[in-house]
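Notes to accompany the following structure.
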Amino acid sequence: MALMVVGLSHRTASLEVLERAAFDARGAEEVLRALTASPHVEEAFVLSTCNRVELYCDVSRFHGGVADIGDVLCRRIGRGLDELGDQLYVHYEDAGVEHLFKVACGLDSMAVGESQILGQLRLALRGLHERGLAGGTLDRLLQTALRVGKRAHSETRLDAAGASLVDTAMTRAAGVVGELPGRRALVVGAGAMSALVATTLARAGLDVVVANRTPDRAQRLAAAVGGRATGLDDLRAEVAAADLVVSCTGAVGHVLDVATVASALLDRPERPLFLADLALPRDVHPDVATLRGAHLVDLEGLGADLASSAVAQDLRAVRAIVAEEVAAHAASLRAADVAPTVVALRAQARHVVEVEMRRLASRVDLDDTTRSEVDRAVHRIVEKLLHTPTVRVKELAEAPGGVGYAAALRALFDLEVTAQGGALPGDAPLSGTVADAVGHVS
């Protein structure tokens, strides 16, 4: 079996496709049932966030896995593989592990360094346990990914990169509405990202209003930042009174449509309105950007600004952590892969000793004391002969390409070992698009 990741994100797919692919907990269960019912998928978990939809699977065959997983995702989106093949990516084995670790650290997020993804990974881990897959391949991988993500946040200044998305939005806003202190900001949503936004805006001296579908959550966040809470029923009036609006909810449809914003702008014909849409699927209808007086920026625009900033230099330490952890994970897998070979070698040695001791007993009349001494001596000799090669093969197996040593040991001693891994052909690419992988099949 081998890890395979098939998915799409803000880096490969349009926002329209990402919106169609996004799903809730019920949708995730449907996708998981479809995946595990396919012939080439043993285990699976789903990662669906504001800027990615990814299926992580333990597969028995590369080509079959690509076909099965790609088919499930395409049916979910409602598009054919011929349309989506270039937007869907595939990673497997070490490349899949590296991708997951980068995701866990926030390196692959639109909001670089954001830590909300760790919560999504915990949900995926809980789902594996609820389906009775604790202790399995993906369970161990997810636990490692969570540890890597926590390590990245604790050992580096990664959290500053997450806040920089909000800083970038504020810089854009100042260019539209002027100096920010004393301005009114409307924050739509009350989740983790909304809390970061509201806190940052309040510290910058803005008047903060928090609007949310659940009044209690809006009230708690507003109280924490010294702001005011409101429900979504008053959204039109709050937009009309605001200088800037930042929306980041988990809603499936648009929270701010063209009609609502257009109506709000009528009450403020001489004042520009800045809107930052930090949600995916979009909270703000993209056509709002066409309204006179409205200045809309979304995740794509902010991400482009962030990528060119000095924050990118602060992420090198995190990338080094990821590289180190990927290497350690690969070494542990290779060491685990050689273990059955070592067990088989020792079992074969024990069998040879037992056969020869029976043969000796049938030919030579030994008393119990002598037979016991001979038996112990033979076992000590065998153990000493096997000790160095078994220790060395474990050490060598941890190095890249070390699996070849286990294969050599099996060949030299004619050992019968249940195949470990072997899901993927040697000429298959480590990463690429699903379109490339399908072409590779043909």
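Note that Cβ sites are derived from N, Cα and C of the backbone, with glycine treated the same way.
Taken from Swiss-Prot, the feature substrate binding site applies to Thr49, Cys50, Asn51, Arg52, Ser109, Glu114, Ser115, Gln116, Gln120, supported by sequence analysis. A C-beta separation below 8 Å, combined with a sequence spacing of at least six in one chain, links Ser109 (substrate binding site) to Thr49, Asn51, Val103, Ile117. Taken residue by residue with DSSP, Ser109 (substrate binding site) is part of neither helix nor strand, so it is coil.
According to Swiss-Prot, the feature active site, nucleophile maps to Cys50, an assignment based on sequence analysis.
According to DSSP, His99 (site 'Important for activity') sits within a helical segment. Per Swiss-Prot, the feature site 'Important for activity' maps to His99.
Counted within 10 Å of its Cβ, the other Cβ atoms near Gly189 (NADP(+) binding site) come to 27, all protein chains included. Positions annotated as NADP(+) binding site by Swiss-Prot, on the basis of sequence analysis: Gly189, Ala190, Gly191, Ala192, Met193, Ser194.
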- Item | Neighbour count (Cβ, 10 Å) for Gly191 (NADP(+) binding site) | 18
- Note on the structure: Ser115 (substrate binding site) falls, by three-state DSSP, under coil
- Message: Let me check the 10 A CB neighbour count of His99 (site 'Important for activity'). How many other CB atoms are there?
- Response: 24
- Determine, using Cα-Cα distances only, which of these recorded positions is closest to Ser115 (substrate binding site): His99, Gly189, Ala190, Met193. Met193
- Sort Thr49 (substrate binding site) into helix, strand or coil using the DSSP assignment. strand
- Which of Ala190, Ala192, Met193 has the fewest nearby Cβ atoms, counting only those within 10 Å, among these binding-site residues? Ala192
